[in-house]
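Database features, via TrEMBL:
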BINDING   G112, I132, G133, D134, Y135, V136, L137  S-adenosyl-L-methionine binding site
DOMAIN    1-226  domain 'tRNA methyltransferase TRMD/TRM10-type'
Amino acid sequence: MRFDILTIFPDFFVSPLGAGMIRRAVQDGLVVIQTHNIRDYATDKHAMTDDRPFGGGEGMVMKPEPLAAAVEQARGNGGDARVVLLTPQGRTLNQRLAEELAGEKQLILVCGRYEGVDERFRAAYVDLEVSIGDYVLTGGEPAALVLLDSVIRLLPGVLGCGDSAENDTFSRGSRGGLKYPQYTRPRIFAGREVPDVLLSGDHAAIERWRFLAAVRRTISRRPELVAAMELTPAELKLLRENGISLPSAGVGGD
Ligand code: 6GU
C-alpha cells in the first residue's frame with residue numbers, strides 16, 4: 001500500500017515513521033510512505049501556502065493551488081488514490097473505517113491546519129474527510145500519523161502471526177467490544193494474583209473466561225458498544241449462566 005502525506009511540516013513524520021512497526025513495514029516493502037512539503041508546490045515568490053480569509057476574520061486559510069498541485073504530483077505515483085483530508089469536521093476514525101482504508105491501494109493524506117483549507121480545494125479534490133475525535137489539534141499531522149498507524153497494522157504481513165489484529169479491541173474476535181485483560185509473569189505483583197484459570201492449561205475454560213471478562217469490561221466502560229456486539233446464541237447463554245445481562249445503550253458504570 002502507498003501513502004503520500006501532504007504537509008507543511010514534513011519533519012514531523014521523520015521520527016515516528018522511522019520506529020517500530022511502521023519502520024519494519026516500510027523496510028519489508030509492505031508500504032511505501034512519501035511526505036510532500038506543500039510549500040514546494042507554492043507558485044508565488046514567497047512560497048506562500050496560506051492567506052487571509054476572504055470576508056475577514058481570524059486565522060489563515062490554506063491556499064488551494066499548492067494543495068492541488070501536490071495532490072496531482074502524489075497521484076502520479078500510483079493508481080487510483082483516495083484523497084483524505086484530516087480535519088476535525090470529518091468522519092470520526094474508528095476500527096471499521098481503518099479496515100475500509102486498509103483495502104485501498106493508495107491514500108493521499110492532506111494535513112490541513114486547524115483554521116481550514118480553501119473550500120474549493122476540498123470540493124474538487126477531497127474524497128473523504130477524517131477526524132480522530134472531538135477535540136482540536138493545531139494541524140492534521142498528528143491525526144495523519146494516527147490514521148497511518150491504525151491502517152498499516154491491518155495490512156497482511158505487518159503484524160507477526162503471533163499478534164494478529166483479529167482479537168483486538170473493537171475487532172471481530174472481540175465482537176466489536178473491548179478486549180479481555182492480559183497478564184504475564186510474575187504470578188503475584190503488588191499483592192495481586194493472576195486468575196487461576198489462566199494458569200490451568202484448560203484452553204476452553206480460558207477462552208470462556210476471556211469472553212466473559214471482555215463482555216464485563218465492555219459493559220462497564222463502553223456500554224454503547226454492547227448493543228452492536230454480535231453474539232451467538234451459545235455466547236448469550238453463557239452470559240445468562242454467569243448472571244451477565246446486556247444493558248441497553250446508555251446504561252453503564254462499574
Ligand atoms: Cl484530523 N485535525 C485537527 N486539526 N484537529 C483534529 C483532528 C484533525 N481530529 C481531531 N481533532
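Every residue, even glycine, has its Cβ placed from backbone N, Cα and C.
Mapped onto this structure are the features recorded in TrEMBL.
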residue	record	CB count, 10 Å
G112	S-adenosyl-L-methionine binding site	28
I132	S-adenosyl-L-methionine binding site	20
G133	S-adenosyl-L-methionine binding site	12
D134	S-adenosyl-L-methionine binding site	7
Y135	S-adenosyl-L-methionine binding site	7
V136	S-adenosyl-L-methionine binding site	8
L137	S-adenosyl-L-methionine binding site	18
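Screening the binding-site residues I132, D134, V136, L137 for a C-beta under 6 A from any atom of ligand 1 leaves I132, V136, L137.
The S-adenosyl-L-methionine-binding residues named in the record, G112, I132, G133, D134, Y135, V136, L137, extend over a maximum Cα to Cα distance of 16 Å.
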